[in-house]
Amino acid sequence: MADWAWVTYTVLEVLIAVACCLGNVLVVCAVAVGIHDCLREPTFCFLVSLAVADFLVGAAAVPLAILLDGWVNLTSHQCLFLSCVILVLTEASVLSLLAIAIDRYLRLHMPFRYKAIVTQRRTLLAMSVCWILSFLLGFTPLLGWHNLSATGYYSTNTSSTLPSSSQCTFLSVISLPFMVYFNFLGCIMAPLLVMTFLYIIIFWSLHKRLKNSCPQAQAMLLREKKLACSLALVLTLFAFCWIPLHLMNCLLFLWGPQAVTQGALYTGILLSHANSAVNPVVYACRIPKIQKAYGQIWKHLALKLNCFTRNESIQQAITRD
């Protein structure tokens with residue numbers, strides 16, 4: 001690929017990384033500080049988990065994606081380990097989204113037992129399970145499903161997309177059969193289908209209840225529907241941003257490196273990373289509690305900056321006198 005194209009890709013990755021870090025730090029601050037007692041609500045706890053995963057995409061996955069483009073020489077096992085870190089963060093996002101969908105389903109279909117079932121302790125346990133499973137699924141290639149030979153060098157008989165040199169790239173160590181069968185079909189598509197099914201049930205149930213409820217109950221159901229729509233939008237954006245890259249992996253697996261251009265692959269990678277930068281914007285536009293908390297945080301920062309500027313002006317006046 002031309003040098004200018006790689007520079008463009010790198011610059012866009014850096015911008016996405018900055019947006020991921022700043023936006024998702026703001027989300028965590030909004031939920032943990034700006035919204036009173038919001039961490040007691042399971043949905044917002046899982047949103048924090050998703051925001052942490054999205055922050056780590058900007059802080060770790062994007063820099064690793066740039067480095068694992070053949071620009072660093074690492075041992076094969078170091079390259080494999082760093083590639084697995086990227087997989088862990090994808091799994092954390094998927095499982096956090098799945099936990100959110102299950103939580104909304106339980107809240108709607110077990111309204112009287114919900115608080116007894118979904119306690120704060122169980123919510124934290126569920127978040128821990130999500131991250132433990134993410135590490136187990138993401139580090140599966142370390143157990144043997146990879147492109148390394150028994151001697152630890154890059155094998156050339158498992159994928160036709162491997163580079164001829166020993167430079168570290170993602171597909172030089174991660175097996176395409178693993179990416180297609182295990183990661184895409186098992187760890188991405190299966191949870192997405194479950195979540196889609198849950199949201200269909202949620203919206204169908206809300207539609208029926210809104211028809212047969214009193215005005216007071218309708219107000220609560222409309223709030224539930226608005227939040228469910230916002231969370232379903234987050235899920236839709238995840239699918240829109242990640243599925244193209246996985247479809248490209250399927251094409252590479254079936255028809256070899258000639259099936260996907262390097263430019264298309266870079267576009268798919270950028271799109272997948274951009275998903276982590278978009279989520280904070282969705283929260284700000286669609287979830288009133290987070291929107292209000294954002295406003296409080298910005299007002300607080302503006303007040304601090306105003307006080308700092310005023311103090312600087314007073315000190316300068318005193319120094320001149």
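Each residue, glycine too, has its Cβ placed from N, Cα and C.
As annotated by TrEMBL, domain 'G-protein coupled receptors family 1 profile' applies to 23-283. The feature transmembrane segment is assigned by TrEMBL to 6-32, 44-68, 80-102, 123-145, 180-206, 227-245, 265-285.
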Average model confidence [pLDDT] within the domain 'G-protein coupled receptors family 1 profile' (23-283): 88
In contact by Cβ distance (the transmembrane segment (6-32), the transmembrane segment (180-206); 3 or more pairs under 8 Å): no
Range from 44-68, 80-102, 123-145 with most C-beta pairs under 8 A to the transmembrane segment (227-245): 80-102
Long-range environment of the transmembrane segment (123-145) - Cβ separation under 8 angstroms, sequence gap at least 6: 42, 45-46, 49, 80-81, 83-92, 95-96, 98-99, 173-175, 177-178, 182, 187
